Amino acid sequence: MSGLMAGKRGLIMGLANDKSLAWGIAKQLSAHGAELAFTYQGEALAKRVKPLAEQLGSDFTFPCDVSDMDALDEAFATLKARWETIDFVVHAIGFSDKNELRGKYVDTSLDNFLMTMNISAYSLVAVANRASAMMPPLKGDGTGGGSILTLTYYGAEKVIPHYNVMGVAKAALETSVQYLANDLGPANIRVNAISAGPIKTLAASGIGDFRYILKWNELNSPLRRNVTIEDVGGAGLYLLSDLSSGVTGETHHVDAGYHVVGMKQEDAPDIALD
Ligand SMILES: NC(=O)c1ccc[n+]([C@@H]2O[C@H](COP(=O)([O-])OP(=O)(O)OC[C@H]3O[C@@H](n4cnc5c(N)ncnc54)[C@H](O)[C@@H]3O)[C@@H](O)[C@H]2O)c1
């Protein structure tokens, strides 16, 4: 493997298990020489996250619930106590009440709308605010700055059955990427999103008829397959490394090309909900 990320340190937020998109990205970063810290949402996840971090040579794990601003401050204080600076952050976090990830968007409750927007969209702003303060200042020779990456989904752009309020939150997240990129650009801090195709993870299992979405994408995407966390990891490595030094404010699709297709493929069979 290359030393593309050698000498770079960063924080991975949103690792739940070895199916997580964050795991696909973390593996690639580590293989290319990055040093990683990990947050986990609560103590229940610590027992899954710590052994995974160890596999990548990291003993630097600590809790962070992004809906709690004090917890976020504490997490970044923990990070800063050990590392003076960081070069990148991965924000792979989203949440909504699964009772509202089925049925109709028109039935969304105010409480769940606000919670979903808070955890799935605002948290990127809160993370970018604290992470950017820890990134090295831009120097005359062009060094300094950093890279921030979040994860989004096509349901922000087009209606996907059952994605509902999560689609609205992802639209806010993608627009936040643009505003954050503009605010932080003068400090050479880049902010980008990967719009990943559907992948079976813990979070995805909350979405109604997710198996149908998976099957539809497999049959109708240009590559005629679903993407893997390794596909997402490769794109994450690019966006977090200097290979993408001129790229910011971008939502980059890693979806086997699904977003360019306008209708069912001729060779795709009719499929039924099961
Ligand atoms: N799986 C897919 O099909 C898919 C597709 C496109 C985008 N995404 C996005 O990828 C990101 C990662 O999800 P995933 O699919 O890997 O599932 P996952 O369940 O492995 O990860 C979701 C993570 O969000 C964390 N989280 C939720 N609420 C939190 C809170 N209040 N504080 C801190 N952390 C919190 C969970 O602990 C978990 O680690 C999400 O933003 C998701 O919307 C997923």
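Note: Cβ is positioned from N, Cα and C throughout, glycine not excepted.
Listed in TrEMBL for this protein:
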- Gly14, Gln41, Asp65, Val66, Ile93, Lys170, Ile199, Lys200, Thr201, Leu202, Ala203: NAD(+) binding site (BINDING)
- Tyr153: active site, proton acceptor (ACT_SITE)
- Tyr163: active site, proton acceptor (ACT_SITE)
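Cα to Cα, Ile199 (NAD(+) binding site) and Tyr153 (active site, proton acceptor) are separated by 11 Å. Residues Asp65, Tyr153, taken from the recorded positions Asp65, Tyr153, Tyr163, are distinguished by a CB atom under 6 angstroms from ligand 1. The Cβ of Tyr163 (active site, proton acceptor) lies under 8 Å from the Cβ of Leu101, Tyr153, Gly155, Ile207, each of which sits 6+ residues away along the same chain. In sequence order, Ser20, Leu21, Ala22, Val90, His91, Ala92, Ile93, Leu151 are the residues of the chain that are 6 or more apart from Gly14 (NAD(+) binding site) and have a CB within less than 8 Å of its CB. The maximum pairwise C-alpha distance among Gly14, Gln41, Asp65, Val66, Ile93, Lys170, Ile199, Lys200, Thr201, Leu202, Ala203, the residues recorded as binding NAD(+), is 23 Å. In sequence order, Gln41, Gly42, Ala71 make up the list of same-chain residues 6 or more apart from Asp65 (NAD(+) binding site) whose Cβ falls under 8 Å from its Cβ.
Cβ neighbour count for Ala203 (NAD(+) binding site) (all protein chains, 10 Å cutoff from its Cβ): 23. Highest local Cβ density among the binding-site residues Ile93, Ile199 belongs to Ile93, counted as other Cβ atoms within 10 Å over all protein chains shown. Neighbour density for Thr201 (NAD(+) binding site): within 10 A of its CB lie 20 other CB atoms from the protein chains shown. If you draw a 10 Å sphere around the CB of Tyr153 (active site, proton acceptor), it holds 26 other CB atoms from the protein chains shown.
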